[in-house]
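Asks: Mind looking over this structure? Questions follow.
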Amino acid sequence: MVRRASSVPHLNNNSGASSADSGTTRGRAAANGRGKRAGKSSTPSGQQPQSSGSGSSSGHRVPRSRSLTNGMRRLSPQKVGTGTGTGTGSSRNTPYFLRSREHEIGSADTLEIVASKSTGTGSEEPSTPEDNINVVVRVRPLNDKEKRDRHGPTLQFPGNGQVIIEGNDTGSKRSHNRDSVRVFTYNVVFEPGATQEDILDYSGIKRIIEMGIEGFSCTAFCYGQTGSGKTHTLTGPPELFQGKPNPKDPRHGLIFRSFVYLFQLIKNRKDVNYVLKASFMEIYNERVIDLLNPGSHRKPLAVRWSKKSGGFFVENLFTVDCEELDDLLAVLEEGMRNRAVGSHAMNDHSSRSHTILTVHILSDQQTDGGVFLSKHGKINFVDLAGSELTKKTMSEGKTLEEANNINKSLMVLGYCIASLSDNKKRSGHIPYRDSQLTKLLADSLAGNGVTLMIACVSPAHYNHAETLNTLRYASRAKRIRTKPVIMMDPREALILSLKRDIHALQLENEHLKAALNLHHQAAEPLGNLLEQQLERVSSGDVGVTLPKVDLERLPELDGAELAELVKLYMAENESLRQENNHLFTVRETILRDQEIVCRENERLLKKLEEVNNVCVRSPLIPARPAISPTTGQATPGTEIWTNPEPAALAAAAALLPLEQRMSENMEKRTHTAQRRIDQQRIARNILMMANAFRKPNAQLEQHPNNKDNKDVNDSAAYVPDMLA
Ligand SMILES: Nc1ncnc2c1ncn2[C@@H]1O[C@H](COP(=O)(O)OP(=O)(O)OP(=O)(O)O)[C@@H](O)[C@H]1O
């Protein structure tokens, strides 16, 4: 089942009485006195420049992260719409005509913007610093004329955010050449049956409004050929603004609905103090006119570059304080009445200018830490004039001049979009300065804002070329990436960032101290040096003295004190880090030495074991002193060992205890020589044992080296190579 809200959300003042009430002291949005209800005070924005885009006015940006899921719900892919007006999808909330792409990169669903830092909690991880512009397509229904003239549809909607545009006519016969069929994919496609409320619910605009409240600079703009439904989508049909508008009229457009939603959100945030201001301008024939204060001569305002904010702004543009929803609505009505509208063959109420309605959302919020956060978010609603083929619109005279200017500025916008969507060209020159429109949209297109593009198209086949063009533009725009950030007061942003630094350093500090204590426990027996080092560290003697800071009172410290504290923590951490590194080196050295000693011990034990084995298995061989090869004399105390050293040394060595002599010999002989000697000795012992078995009565006490013992020497001739 398709579920649609039956009416526009209720307004407090639909009788009009409250408008009058609220408007008594507010004055009119426009200074010309034509209005009835808008802004409490109207001020030219000369002092506070209207930045071309997002958040550059503060000059200091803090990333912020939030998911953009609320505005654009996840929708299941559906079957091709039947056009009957009944839902075919599984979700009760999903209209049949709505085709969305799930998991679309850059969709409102996936837009994750760096966030944590502005909250001061540091708990959320920064995620995606950049995201694509969100692009949705709205296809208007065939109008009466098109139906009368039997213009067939040129678009198909297979679902999953796709639009298929068939091939163009060739001659009188329509070509169904499959090669010329093009498929485009967007975040969402609104088929002709979509209502105004569907656009609010599924385009992602709700999330854009929420982000505006959070301090981001957001833009929603409609793009498309003349008569494709841009103004209808943003504001509804022009009749709505003739006389007193009925707030419950289902034809109200996105701007009206966004205002209602904005006020609903603000009313729910009791903890934040909001101030709303609004401005409304148009770019007509490359001249910027203040729609809230056009003056009798519609004097154009200057567009200037602000070094401070790094963006363009309109000098002396009126901004109107809007305390109530009525004030905002009054701004919309006033601007709609003042904008340039003309008529041509394709649209009776054709916008002859680009309009930009901006709602500034200034907020003050006290954080948990007691610090006041001021943010300046804004939402731009941009209704572009439609591109037109003057032959088709039959424009002439003034309308022709307007058309040329409109087409020129849209062409520049097209160049900018093409360059921004091309990775290679993106870092090069973007011709923003070539038109007033692109100057004022620069930041929305490639800056620090969040942008939603609604591409409006006609389904009629006779608009095939323009529709294809719009779909191409929209497709390119989808590749543009922006880096949304929150606009904050630089001083507050600095304090927040310092607080975050302190928090991070404290964590690091604790971690380092914990690591040092761990080493302290593990390395206790390792020696005095380490002991001393650890003693020094654990007693806090790490070269930096930290003042005692009551963490509860941290928020009371001002920026300079916080900066000082950060410096101290950094110094302490650096000192701890050095200490830690030093201890690691000492520990490594000790461990290496220990390993060498262990290996040596192992080797010696093995050797000792071998020797003992030989002795234990040779009951027939009594232990006896080694005989010096030079003197031929027995050396007392050197049982079973043969000392090949000179006699004097051997005699001296004989006086030493066995272990000491062993180690001295080790030092003197190479490992291989020692091995060979051991092997020979073992071989001799084996031979002696063999002989003993063969000749039980033999003179076993005779030394094996004795040349007189011929049998023994003969047997030695059979010693295998390995033992030789
Ligand atoms: N979705 C829609 N449902 C019903 N009618 C629509 C829809 N979209 C547009 N229309 C109608 O089509 C006509 C042209 O629409 P609109 O003026 O909004 O076009 P536009 O793109 O703003 O044109 P231009 O660029 O010339 O200003 C209007 O009469 C409008 O009411």
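Just so it is clear, glycine is given a Cβ too, placed from its N, Cα and C backbone atoms.
Got these off TrEMBL a minute ago, pasting:
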| type | residues | note |
| --- | --- | --- |
| BINDING | Gly224, Gln225, Thr226, Gly227, Ser228, Gly229, Lys230, Thr231 | ATP binding site |
| COMPBIAS | 12-33 | compositional bias 'Low complexity' |
| COMPBIAS | 40-60 | compositional bias 'Low complexity' |
| DOMAIN | 132-480 | domain 'Kinesin motor' |
| REGION | 1-95 | region 'Disordered' |
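For each feature listed, report its degree of burial, its nearest neighbours and the pertinent distances within the displayed model.
Replies: Counted within 10 Å of its Cβ, the other Cβ atoms near Thr231 (ATP binding site) come to 26, all protein chains included.
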Asks: Using a Cβ cut-off under 8 Å and a sequence separation of 6 or more, which residues in the same chain sit near Gln225 (ATP binding site)?
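Replies: Spatial neighbours, sequence-distant, of Gln225 (ATP binding site): Gly386, Ser387, Glu388, Val457, Ser458, Asn463, Glu466, Thr467, Asn469, Thr470.
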Asks: If the criterion is a C-beta within less than 6 angstroms of any ligand 1 atom, which of the binding-site residues Gln225, Gly227, Gly229, Lys230 pass it? List them in sequence order.
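Replies: List returned for ligand 1: Gly227, Gly229, Lys230.
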Asks: Which one of these binding-site residues, Gly224, Gly227, Gly229, has the sparsest Cβ neighbourhood, judged by other Cβ atoms within 10 angstroms?
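Replies: So among Gly224, Gly227, Gly229, the binding-site residues given, the one with the fewest Cβ atoms within 10 Å is Gly229.
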Asks: Using a 10 Å cut-off, grab the number of neighbouring Cβ atoms around the Cβ of Lys230 (ATP binding site), all chains included.
Replies: 26
Asks: Using the CB centroid of Gly224, Gln225, Thr226, Gly227, Ser228, Gly229, Lys230, Thr231 as the ATP site centre, which other residues of the same chain sit with their CB within 8 A?
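Replies: Leaving out the recorded residues gives Arg140, Cys222, His232, Asn347, Gly386, Cys456, Ser458.
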